[in-house]
2 protein chains.
Amino acid sequence: MIDIVRLDENNKSYYVENLKNRAEAVQRDVIISVENILDDVRQNGDIALIKYTNKFDSENINSQNVKVTVDEIKKAYEVVDKKFIDAIKLAKENIWFYHEKQKQKAWMTTKEDGIILGQQVRALESVGIYVPGGTAAYPSSVLMNTIPAKVAGVRKVVMVTPPSEDGSINPNILVAADIAKVDEIYKAGGAQAVAALAYGTESIPKVDKIVGPGNIYVAMAKRSVYGFVDIDMIAGPSEILVIADKTGDAKYIAADLMSQAEHDILASSILVTTSQELAKKVKEELEKQVQCLERKDIILSSLKNYGGIIVVDNIKEAIEMANIIAPEHLEVMVDEPFLLLGEIKNAGSIFLGKYSPEPLGDYIAGPNHVLPTSGSAKFFSPLSVDDYIKKSSFIYYSQQGLAKVKDEVVTIAETEGLTAHANSIKVRFQ
Amino acid sequence: MIDIVRLDENNKSYYVENLKNRAEAVQRDVIISVENILDDVRQNGDIALIKYTNKFDSENINSQNVKVTVDEIKKAYEVVDKKFIDAIKLAKENIWFYHEKQKQKAWMTTKEDGIILGQQVRALESVGIYVPGGTAAYPSSVLMNTIPAKVAGVRKVVMVTPPSEDGSINPNILVAADIAKVDEIYKAGGAQAVAALAYGTESIPKVDKIVGPGNIYVAMAKRSVYGFVDIDMIAGPSEILVIADKTGDAKYIAADLMSQAEHDILASSILVTTSQELAKKVKEELEKQVQCLERKDIILSSLKNYGGIIVVDNIKEAIEMANIIAPEHLEVMVDEPFLLLGEIKNAGSIFLGKYSPEPLGDYIAGPNHVLPTSGSAKFFSPLSVDDYIKKSSFIYYSQQGLAKVKDEVVTIAETEGLTAHANSIKVRFQ
């Protein structure tokens with residue numbers, strides 16, 4: 001199911017490439033079909049939105065019932081497990097606590113001659129959250145996408161999610177949305193829902209930014225409306241990398257690798273260890289534990305194609321491997337995990353020590369579980385309050401302040417051939 | 001050339017729509033042609049890169065001379081104006097000063113049971129800066145795109161810019177790049193240069209993020225590689241909004257409106273004032289000053305199509321107008337400009353008072369001149385140090401800490417049908 005290999009110069013880049021290659025090549029016909037849906041909804045609003053919803057999701061949706069009612073939410077509370085509600089409430093509290101620390105402050109600074117420079121920080125006015133339907137409907141994702149927006153101060157959070165064939169929405173999703181304080185929920189999915197959020201229709205309000213995962217149509221639609229509205233990063237298949245020395249616990253490591261592998265057959269789970277013995281034990285544990293797991297087939301498939309147990313000579317090599325792969329999740333199961341924090345450059349979220357398994361971070365710990373995948377931790381960050389704010393700079397110059405730099409402004413303006421720029425300085429000193 | 005109108009319910013949305021509509025509709029054939037160039041460079045590296053460079057820019061470029069040499073930079077210093085070099089050095093100093101204040105710090109926090117949560121901040125490893133060629137080659141943009149990267153700590157800043165027909169690069173650009181400490185410069189432009197930065201070729205290194213303005217091919221190529229690498233926001237046509245009360249100086253305001261209008265025929269320059277008298281004087285000043293300006297034709301065209309002088313009843317209405325338009329540049333020329341700062345929600349950069357003209361911000365004041373356009377100040381921020389860093393969260397839980405929340409993690413995991421997630425918690429307490 002999974003091989004143990006010793007890292008060498010020949011296989012070093014294999015893992016990086018293998019992970020990158022999981023991303024689907026986007027077909028031209030998908031691009032064209034998404035562009036057509038976007039154009040249609042932009043021009044025809046609700047008529048187009050409802051047409052595609054009826055075609056792809058449910059024939060029971062019309063512009064009268066596309067918005068989820070208070071009554072539907074009330075009914076959802078009646079059918080979901082009480083323990084689940086309490087767990088979601090605890091998750092909300094912890095996620096709120098962590099994201100509060102991310103809030104940024106406006107600042108200003110003064111210079112000679114009374115010059116004042118600064119930067120304002122403002123929440124976006126409205127945000128749209130895409131929540132996939134079917135088996136990929138995760139209540140925890142509703143919390144993770146909504147709470148940082150609310151912490152930032154976003155006044156209107158609008159959720160869209162494709163309805164089931166009968167026109168209903170998963171009650172767990174509705175309850176999570178309500179606890180996270182989503183303001184409006186609409187039964188729409190696919191490129192048509194993205195279009196509605198980007199351009200607005202009679203039913204669905206236009207928002208400033210669209211976030212949340214989705215299939216290739218949703219991802220392409222988001223990419224296409226980028227600039228007209230803002231979007232979050234584009235999520236790819238999930239991955240975990242575990243770094244362990246001989247103190248690592250094989251049972252825990254195997255369980256954590258499989259918790260990632262169960263997501264889908266493209267998920268990647270890799271252990272990099274300095275201990276050949278631990279490598280062997282983890283392999284045994286994987287073979288043993290997988291037998292009792294519901295999603296055994298998915299786990300075996302993703303371990304086979306994108307899993308790996310890599311033995312390295314020392315921890316430095318393991319860290320280097322992590323920095324090259326830039327995993328979404330990085331577990332550090334070594335004797336003194338904090339001592340390695342300074343060396344880790346590229347990772348979405350870092351889990352330190354034996355009792356910080358990745359699923360803890362998915363649900364309850366507080367940091368966001370929306371993380372950069374497929375090596376994009378080299379340039380993307382976890383979803384955060386930063387994603388729901390925007391900044392403005394401000395400049396105040398006094399007459400003396402401007403007088404001192406006027407020649408330099410004029411020189412650069414004239415070099416660039418922008419003589420009206422130069423004129424705007426000159427008129428002030430005539 | 002420009003009309004004075006009184007704001008009412010009928011024309012309120014006209015200006016917003018008119019500005020938004022400046023964005024070119026992207027033709028399907030541009031999309032396809034860009035995708036083909038991207039694929040070609042990705043697969044064939046330098047061969048494709050040089051082929052397109054020879055075709056679109058200069059026949060004199062090959063893989064041996066595509067990289068700008070130290071000697072070429074030395075020669076550039078010999079031909080550029082000494083005053084220009086000094087002005088660029090002052091600009092660099094001020095831009096550096098402002099962006100230093102944007103640096104963010106890592107943080108950590110502890111909770112009961114020894115739980116530690118935190119967030120790391122790291123500079124991107126490498127960044128690519130696109131600099132347009134021809135008449136749109138602005139040395140100031142080289143500074144504005146490069147300096148925040150250097151302040152953030154980016155180790156490798158790679159610049160690409162299309163060569164002239166003879167294979168040379170504008171010496172002002174080379175000098176600005178050298179002063180801004182760009183690490184490598186390549187003679188390449190268009191979608192092929194974006195592809196080279198995204199995928200790497202034999203000559204041009206792959207980077208983590210691509211920034212900088214460009215034509216529609218460059219913009220489409222950036223949009224297409226987004227996710228594989230990071231990109232900055234997509235820049236549209238430029239705009240200024242001036243808010244003035246009766247204390248505004250008509251001569252200054254007219255000059256500032258035209259400094260924006262000269263950029264291109266799609267640029268927009270709008271005055272919103274509470275004073276009918278000022279409105280008239282500004283119109284007169286525009287007519288007078290424009291006669292002496294080199295780019296008179298562009299200015300007249302953009303003022304005619306996208307300019308406006310709008311009279312409103314009170315300052316509150318003027319601010320509301322600004323917040324709806326969300327201008328790239330907002331000048332506030334009122335009696336006590338700072339008192340309005342709290343009301344301004346949407347603007348890229350805010351210029352306060354009589355002696356803070358927009359061109360000061362373009363070159364010397366320090367804040368970035370790469371700003372959100374076409375109303376995107378509602379969700380985008382000025383280019384900043386934030387654009388060149390990324391964050392990682394970290395989580396440490398003790399055994400007691402995990403024990404307290406284990407049931408909630410298991411509950412959510414099982415509700416989501418992710419039983420291997422639940423297993424990873426359970427194995428730790430067996």
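Here the Cβ of each residue, glycine as well, is placed from N, Cα and C on the backbone.
Note that TrEMBL annotation is computational and uncurated.
Annotated substrate binding in TrEMBL involves A:Q260, A:H263, A:H329, A:D362, A:E416, A:H421 plus, out of the candidates A:S238, A:S381, A:S398, the residue A:S238. For the recorded positions listed here (A:E328, A:E416), the lowest count of other CB atoms within 10 A around the CB belongs to A:E416. A sphere of 10 angstroms centred on the C-beta of A:Q260 (substrate binding site) encloses 31 other C-beta atoms. Between A:E416 (substrate binding site) and A:Y130 (NAD(+) binding site), the C-alpha separation comes to 44 Å. In this structure, A:H329 (substrate binding site) is part of a beta strand by DSSP.
In sequence order, A:D362, A:E416, A:H421 are the binding-site residues among A:Y130, A:N215, A:H329, A:D362, A:E416, A:H421 whose C-beta falls under 8 Å from a C-beta of chain B. Considering only the recorded positions A:Y130, A:Q192, A:E328, A:Q260 (substrate binding site) has A:E328 as its nearest partner by CA-CA distance. When the Cα atoms are compared, A:H263 (substrate binding site) and A:N215 (NAD(+) binding site) turn out to be 14 Å apart. For the NAD(+) site, the Cβ centre of A:Y130, A:Q192, A:N215 serves as reference, and the other residues of the chain with Cβ at most 8 Å from it are A:P132, A:V160, A:P162, A:G189, A:G190, A:A191, A:A193, A:V194, A:G214, A:Y217, A:V218, A:A221. Under the three-state DSSP scheme, A:D362 (substrate binding site) falls in the helix class. Set side by side, the binding-site residues A:N215, A:S238 differ in how many other CB atoms lie within 10 angstroms of their CB, and the most is found at A:S238.
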